[in-house]
Each structure stands twice: as structure tokens, then as C-alpha cells.
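Inspection log for the structure reproduced underneath, given as C-alpha cells.
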Ligand SMILES: CC(=O)SCCNC(=O)CCNC(=O)[C@H](O)C(C)(C)COP(=O)(O)OP(=O)(O)OC[C@H]1O[C@@H](n2cnc3c(N)ncnc32)[C@H](O)[C@@H]1OP(=O)(O)O
Ligand SMILES: O=C([O-])CC(=O)C(=O)O
Ligand SMILES: [Mg+2]
């Protein structure tokens with residue numbers, strides 16, 4: 001089973017003090033960035049800094065992810081070859097398409113063999129941020145078991161579409177829902193694009209609530225101050241947990257009576273509603289008191 005990735009915090013790969021603190025913020029994953037947060041003339045020094053950081057620092061419970069440069073560039077190839085030898089947990093592949101993900105998989109196969117790592121231990125998150133990537137997302141996601149999820153890159157996607165990025169996000173709505181469908185169809189994670197105004201907490205909250213409503217399993221972040229809101233919004237509320245627990249208890253009673261459908265607080269409950277209740281408890285990290293198949 002894939003690890004939980006409700007919050008994935010980007011940290012520029014050329015910033016030693018930010019990298020040094022990476023483990024203390026409490027993000028589920030930290031993404032050490034070698035791509036767009038790093039200027040061209042700092043690419044080599046950032047690669048060394050991230051390598052040394054991975055080798056020497058304690059990242060606490062956070063997953064160590066590295067965003068490499070695109071794999072159709074020399075820089076991207078160099079990033080992947082070098083960084084993988086510092087055993088990151090996962091690689092975030094930008095501008096993902098079928099070719100880049102296949103290449104990433106075959107390079108990781110070779111590096112894992114050479115380094116005596118377990119086969120498949122370095123995971124891949126595909127960063128979908130082109131119109132082509134959105135259209136091919138369901139193919140990209142199926143290339144390998146290494147691909148545990150897809151992440152939407154709203155800034156690059158908007159640039160590729162030739163439109164403006166807005167607070168409401170109408171321009172990326174189709175991309176968002178399309179990625180959710182692809183991910184859910186193949187049982188993968190789907191992580192929403194970052195909210196880039198780090199001082200607008202209300203905006204971050206409503207953007208995160210929209211992502212939850214659409215089915216995203218987590219959100220990328222660009223600032224540690226965004227973590228608490230995202231964790232809160234991506235976790236079921238006490239009220240939702242109580243509803244799920246009560247519904248599943250009532251189901252035990254209904255099942256004993258041989259009922260496939262029953263009424264709870266005046267509303268019909270059948271198999272899909274029981275599934276949603278189970279999902280709620282799973283998201284909250286709670287064990288189900290009721291076992292067995294639904295209905
Ligand atoms: C479209 C894309 O590709 S998104 C991915 C690439 N972008 C990035 O990685 C950007 C990452 N974020 C940042 O660089 C910064 O948060 C900015 C530029 C957006 C905002 O910077 P600031 O206004 O200075 O942030 P803020 O005032 O909240 O900083 C407070 C503290 O948090 C630290 N901090 C801020 N962002 C981060 C981060 N992403 N990771 C780790 N530490 C951070 C700062 O260094 C500062 O530490 P200090 O108090 O020890 O000096
Ligand atoms: O990876 C992300 O979430 C950010 C990104 O590159 C983009 O929006 O283009
Ligand atoms: Mg991008």
C-alpha cells in the first residue's frame with residue numbers, strides 16, 4: 001500500500017537553510033526541487049546540495065522526494081543518475097509523458113541493481129502539467145507499479161493552454177477532474193497543484209476544500225505555513241467520523257435482519273453509502289469495527 005501523501009512540501013534545492021529544516025515541518029513528503037525553483041546557473045550546486053542533504057540529514061517522518069529536471073534534457077538525466085544514489089524515497093518527474101516515465105523506470109531498475117537496493121524501492125510520482133500529459137494520464141499511470149501517483153502542475157498546464165491562472169481555477173477544472181478519474185480508475189494517488197499565494201489562508205482553505213470535493217488525496221504546498229490547513233481539510237471531521245461509525249453500526253443491525261438497504265436518520269443507506277463510510281474511517285486512519293463484505 002502506498003504511504004499517505006496529504007501534504008507534499010516543495011523546498012528549493014538551492015536553499016541550504018530550508019533543506020536543513022525539512023524534517024521539522026511535519027509534511028507527509030518534502031519535495032527537494034532541482035527544476036523550476038532553481039536558476040540555470042545553480043543547477044549543479046543544487047544537485048550536490050540535495051545529494052548531500054539526503055545523505056546527511058534527518059528528514060523525520062517525512063518522505064524524501066526529489067523533483068528532477070525533465071528527462072529529455074542532459075540535466076534531468078544527470079539529476080536522476082546522481083540523486084538516486086542517495087536513496088530518495090521517490091522521484092517527481094516533471095512534464096511527464098509515457099517516454100519520460102518509461103525512461104525513469106529503466107534507469108531506476110539499473111541503479112537499484114548497481115546499488116543493491118530492493119527492486120522497485122524508489123517510487124515515482126508523475127507531474128502532469130501539459131495538455132498532452134492530461135490527455136494521456138491514464139496511460140502514464142499504468143506504466144509501472146513504481147508510479148504511485150500523479151500530481152497536477154497547474155502553473156505549467158495553464159502556460160501550455162495559453163490562458164491565465166485564476167483564483168477560481170476554472171481553466172484547470174477539466175485537468176483536475178480528468179486526473180482524478182485516471183488515478184481512481186487505476187487505484188493511484190492524485191495530488192492537487194499548490195496554492196501559490198502564501199498569505200491567503202482563506203483562499204488556500206477553499207482551494208483545498210475543492211480538491212477534497214473532487215477526489216484528490218493530497219495537495220502540493222510551497223510554504224510550511226500551509227501545512228496545518230491542508231492536513232485539516234484533507235482529514236475527515238469529527239462529525240463525518242461519527243456519521244461513518246454510526247452508519248456501519250446500524251448496518252450490522254440491518255444485516256442481522258437480512259436487509260440490503262435500510263434507513264438511517266431518514267436517509268437511505270445501501271452499498272455505495274457503506275463504501276463511503278468505510279472510506280471515511282480509512283482516511284481518518286481508524287480501524288473498522290465491522291468486518292466483512294458490504295451487503
Ligand atoms: C510552480 C512550481 O513549480 S511550485 C514549486 C517550486 N517553488 C518552490 O519551491 C517555492 C518554495 N517556497 C518559497 O520559496 C517561499 O515560501 C516563497 C518564496 C513562496 C515565500 O517566501 P517567504 O515570503 O520568505 O516565506 P515566509 O516568510 O513564510 O518564510 C518563513 C520561514 O519559512 C521558511 N520557508 C519558506 N518557504 C519554505 C519552504 N518551501 N520550505 C522550507 N522552508 C520554507 C523561510 O526560509 C523562513 O524561514 P526563517 O524564518 O528561518 O527565515
Ligand atoms: O508541481 C507543481 O505542483 C507545481 C508545478 O510545477 C506547476 O504548477 O507547474
Ligand atoms: Mg511546473
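Positions of Cβ are set from backbone N, Cα and C atoms, glycine also.
So that you can see what the record holds, here are the features copied from TrEMBL:
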type	residues	note
BINDING	67, 129	substrate binding site
BINDING	129, 156	Mg(2+) binding site
DOMAIN	6-224	domain 'HpcH/HpaI aldolase/citrate lyase'
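With respect to Cβ neighbours within 10 Å, the binding-site residues 129, 156 differ, and 156 shows the lowest count.
For residue 67 (substrate binding site), the Cβ neighbour count at a 10 Å cut-off comes to 27, with all displayed protein chains included. For the recorded site, residue 156 (Mg(2+) binding site), the DSSP three-state label reads helix.
Regional average pLDDT for the domain 'HpcH/HpaI aldolase/citrate lyase' (6-224) in the model is 98. Less than 6 Å separates the Cβ from ligand 3 in the case of 129, 156, drawn from the binding-site residues 67, 129, 156 in sequence order.
Residue 67 (substrate binding site) and residue 156 (Mg(2+) binding site) are 15 Å apart (CA-CA, integer value). DSSP assigns residue 129 (substrate binding site) to coil in the three-state reduction, outside any helix or strand.
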